[in-house]
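Input: a single structure, listed below in structure tokens.
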Amino acid sequence: MEEPDCPEGSVPDRGGERRTASLPLPAAFLEFLSENGLDPAVYSMAATIPRYIRLKPGMESKIAEIEAELKCALDKVLWLPGFYAIPPEIQIAGSKAYQQGKIYGIDAASGAAILALDVRPGNHVLDLCAAPGAKLCMLADTLGTTGSLTGVDVAKHRLAACRTMLQKYSLGDRTRLFVADGTLFSLLPVNSRMQRMEGSIGVEENGSIFPEWTSRRSWKDRQKTRKANANGQQHLLAASEPELIYYGKHSGLVGQCKSDVFCPSVDDEACTSGYDKVLVDAECTHDGSIKHIQKFEFWGWKSLDRRVLDAERTENLLQLQLHLLTNGFKLLKTGGSLVYSTCSLTVAQNECVVQQFLSTHPSADLQKINLADNWPCRSGGIPKTLRFDPAVSQTSGLFVAKFCKLPT
């Protein structure tokens with residue numbers, strides 16, 4: 001779908017210029033903000049907060065060309081390499097620079113969370129809530145030509161969008177994507193695990209080894225999907241065996257036995273063969289994203305009650321966030337790092353989740369993010385955690401906490 005001429009939450013004035021409409025926040029949402037100590041004024045700041053783009057590495061020489069096309073300057077974000085700020089009303093989806101994979105949109109706060117993970121060449125990286133894909137692309141860019149990247153999401157259509165992005169930006173070579181419940185996902189990185197499974201590579205087991213990936217699906221896969229759709233069970237697939245919807249040529253799967261790849265981790269196997277880095281950018285109420293809240297003007301404020309304010313859903317979200325963090329940490333190698341983040345401004349979805357997690361995981365060490373000394377953020381309610389605040393940071397709201405897995 002093409003983006004509208006006017007950005008969400010804005011209207012043209014009589015002179016043809018764009019101005020941000022003042023959001024008529026409903027009473028129930030104002031009460032939610034009051035209960036969480038949040039200032040409603042932040043939602044009138046959309047016109048003052050830039051839109052951020054990340055330039056694909058190697059495209060620096062194209063900046064002048066991109067500026068001419070977008071008809072605006074690309075202001076370098078000094079504290080975040082590769083990021084540029086543009087006016088919030090600029091639309092990038094219709095530009096050649098976007099369509100040709102030279103730039104992609106990602107908020108600077110989200111980029112900071114990825115930078116906090118400190119991904120190094122050769123790392124095995126897990127993105128446990130991968131959709132819609134911009135974070136996954138930045139992780140792949142950071143990883144380079146060694147190591148592996150595993151993306152997981154419970155929504156198949158959203159993960160398919162991740163696959164499209166990876167292919168568009170030529171970043172899928174070392175990536176594999178699984179439709180799965182992130183709270184239950186238990187597959188370890190292949191290259192790490194196979195070092196302990198001598199003789200398994202290229203060994204045929206019932207003729208079931210991974211060839212090079214192709215977008216053409218086998219008759220068996222098509223029948224499986226058709227049957228699931230007919231029974232209305234497609235949403236249940238992620239609750240069982242993870243469904244692999246993409247893997248790159250150098251992701252470690254080509255030539256492997258499928259039974260080895262789909263073998264869940266057991267006991268403390270992840271401590272030695274798990275992921276070096278794990279990102280848990282958990283599902284949340286999104287109240288820290290001004291642009292997201294703006295959308296309810298078009299979706300209808302009644303849907304805000306269901307998506308953000310419903311007490312039962314919020315309680316379920318808190319449990320989901322804790323379980324995602326717990327499972328992500330379980331899959332982490334000893335000495336590895338995990339970053340937990342949400343775009344909620346509430347304490348319950350951030351500091352409370354972190355405190356509850358730490359109380360039951362003595363091997364989890366909350367770490368200071370040294371890079372943040374130069375970031376426009378403030379300390380969270382727990383020492384060493386961070387909060388990006390739209391009013392201070394000029395970004396979307398984001399909470400960030402970093403953990404290291406200690407030996408047990």
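Glycine is treated like the rest: Cβ placed from N, Cα and C.
Over in TrEMBL, the protein carries these features:
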{"type": "ACT_SITE", "residues": "CYS343", "note": "active site, nucleophile"}
{"type": "BINDING", "residues": "ASP153, ASP181, ASP281", "note": "S-adenosyl-L-methionine binding site"}
{"type": "DOMAIN", "residues": "38-406", "note": "domain 'SAM-dependent MTase RsmB/NOP-type'"}
Do any of ASP153, ASP181, ASP281 (binding-site residues) have a CA within 10 A of CYS343 (active site, nucleophile), and if so which?
ASP281
With the fewest other Cβ atoms within 10 Å, the residue among the binding-site residues ASP153, ASP181, ASP281 is ASP181
CYS343 (active site, nucleophile), number of other Cβ atoms within 10 Å:
24
Output field, S-adenosyl-L-methionine shell: CB within 8 Å of site CB centroid, site ASP153, ASP181, ASP281 dropped
LEU128, CYS129, ALA130, ALA131, VAL152, VAL154, ALA155, ALA180, GLY182, GLU283, LEU324
Express in Å, rounded to the nearest integer, the largest CA to CA distance found among the S-adenosyl-L-methionine-binding residues ASP153, ASP181, ASP281 named in the record.
14
